[in-house]
Amino acid sequence: MKEQLPITILPVPFDWGAGRRGAASGPEAVLQAGLVRRLQKLGCRVQLRSDDYLPNTDADRRTSAKLKHWGRVQTMNEALALEAAAAMRAGTFPLAIGGDHSLAIGTVAAAAKARRRIGVLWIDAHGDLNTPQTSPSGNIHGMSLAALLGLGDPRFTGIGGPGAKLNPGHIALVGARELDVGEKELIRELGIACFTMHDIDRYGMARVMENAIRVVSDGTDGVHLSFDIDSVDPGEAPGTGTPVRGGLNYREAHLAMEMLHEAAVVTSADLVEVNPLLDNGQRTARLAVELAASFAGERIL
């Protein structure tokens, strides 16, 4: 994270890209768990944006079996891309708080427009590399990274401008442990760096993060961090819509954030898929705040 930049927090109370409702309440839960206060305590200058930049999509019924609720998701991402771009033009660090992972279409599109070559670190249990043709569910939060690569429906590949926003060689997936067949094929075909839980178990989180940071920062003008809370094991983060056993443990997740702070390469970020309706008390929301604090420079000693 670029320490000198003020942080603009962009709440994104939206969950129509997911298969289960509830992540729309994620921003409120994370804010109630003390995100702003925790960041300010670390010396960060924080601007909390209202969510009034998002249009009301309650009346939007545009949907299809292969692109569920596509009208709502498209409208949200177009508005978010504009807001994130405005935050960057103002010289601040945009931190989007979701909300489901479909919102990364908007945040990364804005980052790619602001910087010619953008690297993306995608910390997630899943690949989010499906297209309408390969997705088993039709849920758009599982297609966001593919859309940013220019793959899939033009209504999403065209957000922030037509075509691919990313070079596959500047993407690193970390923590993957549930990949669909089409996603595995695409990862191999495009040569995307994918550090699975097997790699983390075998080589350790520090080595994996060193390699991932190298992939996303070498030859790029900025790095976007997209952190899905389901990357963390559900024993630590139960409040999420698509939990998968065998994820990052508490210290592995914190080490990843600490190393990103030390590397000082990340120029924008999103934190997604906190679902308070599925949480045990505020456990997952509190973890999200703790991880954001580690990313912003909080240390044990």
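Positions of Cβ are set from backbone N, Cα and C atoms, glycine also.
Going through His101, His254 against TrEMBL, the one listed in the Mn(2+) 1 site together with Asp128, Asp228, Asp230 turns out to be His101. A Cα-Cα distance of 10 Å separates His101 (Mn(2+) 1 binding site) from Asp124 (Mn(2+) 2 binding site). Taking each Cβ in turn and tallying the other Cβ atoms within 10 Å, the top scorer among the binding-site residues His101, His126 is His101. The number of other CB atoms found within 10 A of the CB of Asp124 (Mn(2+) 2 binding site), across every protein chain shown, is 28. A distance of 6 Å separates the Cα atom of Asp230 (Mn(2+) 1 binding site) from that of Asp124 (Mn(2+) 2 binding site). The separation of Asp124 (Mn(2+) 2 binding site) from Asp228 (Mn(2+) 1 binding site), Cα to Cα, is 5 Å. Residues within less than 8 Å, Cβ to Cβ, of Asp128 (Mn(2+) 1 binding site) and separated from it by at least 6 positions along the same chain comprise His101, Ala104, Trp122, His141, Gly142, Met143, Ser144, Leu145, Ala146. Counting Cβ atoms from all protein chains shown, Asp230 (Mn(2+) 1 binding site) has 29 others lying within 10 Å of its own Cβ.
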